[in-house]
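These come from TrEMBL:
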- HIS46, SER63, TYR134, ILE135, ASN136, SER151, HIS220, PRO221, GLU222, THR237: iminosuccinate binding site (BINDING)
- CYS108, CYS194, CYS287: [4Fe-4S] cluster binding site (BINDING)
Amino acid sequence: MITAFKEAEKNLQKNGFLDIPVDVRLDLFAEIARLKKEKKAVVLAHYYQEPDIQDVADYIGDSLGLAQAAAKTDADMIVFAGVHFMAETAKILNPGKKVLLPDLKAGCSLADSAPPALFEKFKAKYPDHIVISYINCSAGIKALSDIICTSSNAEKIIESVPKDQPIIFAPDRNLGAYLQKKTGRDMVLWNGACMVHEIFSLEKILNLKAKHPGAKVIAHPECEAPILEVADFIGSTTGLLKFSHKDPAQEFIVVTETGILHQMQKENPNKTFIPAPPNNACACNDCPHMKLNTLEKLYLCMEYEQPEITMEENLRLAAKKPIDRMLEISAAAGL
Ligand code: SF4
């Protein structure tokens, strides 16, 4: 096993995870529970993770909830079942703790659409603007931002800025356009997008709606404008979950990543949730980055404490300021 570990460690950067065979007879749920106790570890999972991972998590949430949970945990080790920028955010808030990500290659097309060097040049063109960045961005972009937001708190964050203050919004152009329309604010948008939310098919959603006339279409604001126009409700992942619980409708067409359906179905066993199809041959829309994490990789990273997120201290401090600002504004707004 020592040789297998050494070999896997050597290939960690290439593979993104410790590629060590896991005994199929192991009860991974019990093993993960044991490791949590032994290592005083907390497992934070995004709603887009596979159901088994959600079921072993200590906290399941969207980006805002996860950042808040990461900010207040007293665990020694944070195991982040999500994508790289989320684990980075946890590290920014917890420099003294070990932060693990089951697969280092779990990236994000939206975060990748804003390289810090290019964004810095873009920002220089608008010296009077302040930068509000969606949390789905790298630490480098956070360090160039004044305030971070999530889809749960974006409107409140924008409202906290004086009305005559122009804003650069990055990196998601769809969320930015939606917020611009909602708040009527003077905003310049960075041209980034999420590969999952960009490819929903309006035609297929309308066909589904015709087949299920009682169903409500609920969509995440990262979707493109024509999709949002036909939605009965637009909200963050947590917002969609809450709406599906409270609303009397019995059927919902869910226009976001399919991982959220697990919690929706658990909370509402008698309601029907239909994943909205993308404009390709698939019937539902999974984020390939989020789905790189598996229960096996989660177990391996807890057992061997790798891959670990590390960060240069100056970058961490610069990236922390706009996150702290977000957490303060959210707390004041009761979010
Ligand atoms: S769903 Fe989109 S924004 Fe979320 S992690 Fe995947 S690529 Fe990034």
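Glycine is treated like the rest: Cβ placed from N, Cα and C.
Shown here: features listed in TrEMBL, placed on the structure.
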residue	record	Cβ contacts under 8 Å, 6 or more apart
HIS46	iminosuccinate binding site	ILE60, GLY61, ASP62, SER63, LEU66, ALA81, GLY82, VAL83, MET86, GLY259, MET290
CYS108	[4Fe-4S] cluster binding site	VAL83, HIS84, PHE85, ASN136, CYS194, HIS289
TYR134	iminosuccinate binding site	LEU110, ILE148, CYS149, THR150, SER151, ALA154, PHE169, ALA170, PRO171, ASP172, LEU175
HIS220	iminosuccinate binding site	SER151, HIS197, ILE234, GLY235, SER236, THR237, LEU240, VAL255, THR256, GLU257
GLU222	iminosuccinate binding site	LEU110, SER151, ASP172, ASN174, LEU175, ALA193, CYS194, VAL196, HIS197, GLU198, THR256
CYS287	[4Fe-4S] cluster binding site	TYR48, VAL83, MET195, VAL196, GLU257, GLY259
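CYS287 ([4Fe-4S] cluster binding site) falls outside any helix or strand according to DSSP and counts as coil.
Screening the binding-site residues HIS46, TYR134, CYS194, HIS220 for a C-beta under 6 A from any atom of ligand 1 leaves CYS194.
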